[in-house]
């Protein structure tokens, strides 16, 4: 039986960090490595954790971030808070020889979107403010197989799932890519650990791949993330056609075409919310 443990609550903090390295990965990714003393209390243990990353308002160029108070974070007076959610790709605690480091991976596509444009221009010495994660949800237990489905925006989570699951769990990862060169995002160890199937972007490739799996047994957990609109038919297939329970399926809309700053906690299908 698949079981879900409690969410691990983290010390919530707003941290302003410094860019120490910028690394290009494939055609679509920029890895930003951050350092700062405030990372001493940072924790992120769940495969799909996220931090909020704050950017300047594109209209004014002004950065507005919440202020920590004894009652918790408070929105600043005036200004527009612009934030996006990102899964921490890796965190390395400080050692005697090196400071703590946090890797955040950005999908860049030459647009003027706040996150993409910031990442493409980022350089060592720049500052970036993040908040969270508030909590970490550990991977469920009790499954024999995990099916992962994602577009490139969810690849950091896919990599974390692969690295965190025990060897006894068989992993299938279906990933849509815009560019073949982005396949280098997963390490050779990741590819050896999981059955990784790269899919062309669009044309419902991810939905077809999941449907082609056939019957999904009760010892299989399915996690899918990406563009919310494209995930609606996938969720309907898993939850309604196959009748899989919510404990066996998680479908998460990381972003939505034409909608800036979407809250990924919001239902992807308002006509059929989670039960």
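For all residues, glycine too, the Cβ spot is worked out from N, Cα and C.
Keep in mind the model is a prediction, meaning the values are calculated, not measured.
What TrEMBL says about this one:
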DOMAIN    12-140  domain 'FAD-binding FR-type'
Checklist outcome for this item: The average per-residue pLDDT within the domain 'FAD-binding FR-type' (12-140) comes out at 94
Checklist entry - Looking only at the domain 'FAD-binding FR-type' (12-140), what are its DSSP counts of helix, strand and coil residues? => result 13 helix, 54 strand, 62 coil
